[in-house]
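Beneath this line is the structure, given in structure tokens, with notes to follow.
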């Protein structure tokens, strides 16, 4: 199925519904829920039901990562009052039924009219930059045409917010994408004033559009490493693992799996397709949520990436963390959310690094089994999730309760791959 002709006018332009500025009446709340959350024809009469409306509010709260109370608390009202896209919030980026996409290499677009508050040059430049961020991430070529029935017709009406951002978001819809739950994504449904005119696709945008259109060949590198096909093999092990934006990333050779919350299956992706310049077979990985960065380690070097795909610098020495010269490689690393510390595992020892003051803690290294009895020195990867620490060791995954200082469960390392 191919996407139909797409018109920005009347589609999902960002708007600000002033009637929702004071969410004081139930009809205004119902209006929002009916517009942005799925209500079938057979459920139309249920919108006045308190329980039905509470369930829909929970859907909203789940989508935005809020506490699912079903009640209109302050955070929920702030979301509902924010300027946003007119398209509904659908999970997993699926906007159109059947996952249609453009099946031709050249997609045309035309600008039907221009907003009066901006010059011709400003509009053309904003649209071109919006087109370009998607063109770089797909095999598609966008062609500007004039006075012609283009594939994508761009028209403006009403008060806008930021033309570049709106256009980039709308082109995402024109490619077949729905909304993202990640705040840093171009496809996040609400708009924040002050967003820069210079921004690019987030990792979540990138993965979503490439899942639909395939990976760009210019980013692929030939490798002698074999393709990993059987993720559910009982002997499956991983080089590194980390949590990231509520998801789990599991690395093996030049590939990684991306597991989404509530998704039926994990995405299997080449490292180079997302983190250009990062070597394969990394030793360890760790996300620092507060800094919106992820560290990758291999041998005596580490790499820092921001916004999942944009390198902050070239490789640097792990000695910058304060390791002595004899430490040549990291086995695993995990960020402890409660203490804001990175725990590095090297052989039978571990180091504690204070991320707040950017310094290694005094008195380290220490023996791993002195703090985590039952965990030996054969650690391949580690991550924290739902209050537990998870240690990967070969094909085994140990769920560890740090308060009770004991292994709670022993699982297969591919637990999160739907096996």
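Every residue, even glycine, has its Cβ placed from backbone N, Cα and C.
According to DSSP, residue 85 (Zn(2+) binding site) is assigned to a strand segment. Here TrEMBL flags 85, 169, 173, 179, 187 as Zn(2+) binding site.
Feature annotation from TrEMBL assigns domain 'Peptidase metallopeptidase' to 98-215. Across the domain 'Peptidase metallopeptidase' (98-215), the DSSP tally of helix, strand and coil residues reads 39 helix, 15 strand, 64 coil.
Taken from TrEMBL, the feature Ca(2+) 2 binding site covers 151.
Annotated active site per TrEMBL: 170, in sequence order. The Cβ neighbour count for residue 170 (active site), using a 10 Å radius and every protein chain shown, is 23.
Here TrEMBL flags 232-419 as disulfide bond. Taken residue by residue with DSSP, residue 419 (disulfide bond) is part of neither helix nor strand, so it is coil.
Look at TrEMBL and you will find 279-325 (among others) tagged as repeat 'Hemopexin'.
Per TrEMBL, Ca(2+) 4 binding site is recorded for 283, 380. Sequence-distant contacts (6 or more apart, same chain, Cβ under 8 Å) of residue 283 (Ca(2+) 4 binding site) comprise 239, 240, 297, 298, 299, 329, 330, 331, 332.
The Ca(2+) 5 binding site feature in TrEMBL is assigned to 285. Taking Cβ-Cβ distances under 8 Å and a sequence gap of 6 or more within the same chain, the neighbours of residue 285 (Ca(2+) 5 binding site) are 240, 241, 242, 249, 251, 294, 295, 296, 297, 333, 381.
Annotation comment: TrEMBL describes 327-375 (among others) as repeat 'Hemopexin'.
Residues annotated as repeat 'Hemopexin' in TrEMBL: 376-419 (among others). Within its own chain, the repeat 'Hemopexin' (376-419) has Cβ neighbours under 8 Å at 231-243, 248, 250-251, 257, 259, 264-266, 284-285, 331-337, 343, 345, 347-348, 368-369, counting only residues six or more beyond its boundaries.
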If we check Cα distances from residue 187 (Zn(2+) binding site), which of the recorded positions 151, 170, 232, 419 wins as closest? 170
Please give me the recorded positions out of 169, 170, 179, 232 that lie within 10 Å of residue 151 (Ca(2+) 2 binding site), comparing Cα atoms only. none
In whole Å, how far does the CA atom of residue 173 (Zn(2+) binding site) lie from that of residue 419 (disulfide bond)? 33
Are there recorded positions among 232, 380, 419 that sit within 10 Å of residue 85 (Zn(2+) binding site), Cα to Cα? If so, list them; otherwise say none. none
Between residue 169 (Zn(2+) binding site) and residue 232 (disulfide bond), how far is it from one CA atom to the other, in Å? 37
Please determine which of the recorded positions listed here (85, 187, 232, 419) has the lowest count of neighbouring CB atoms within 10 Å. 232
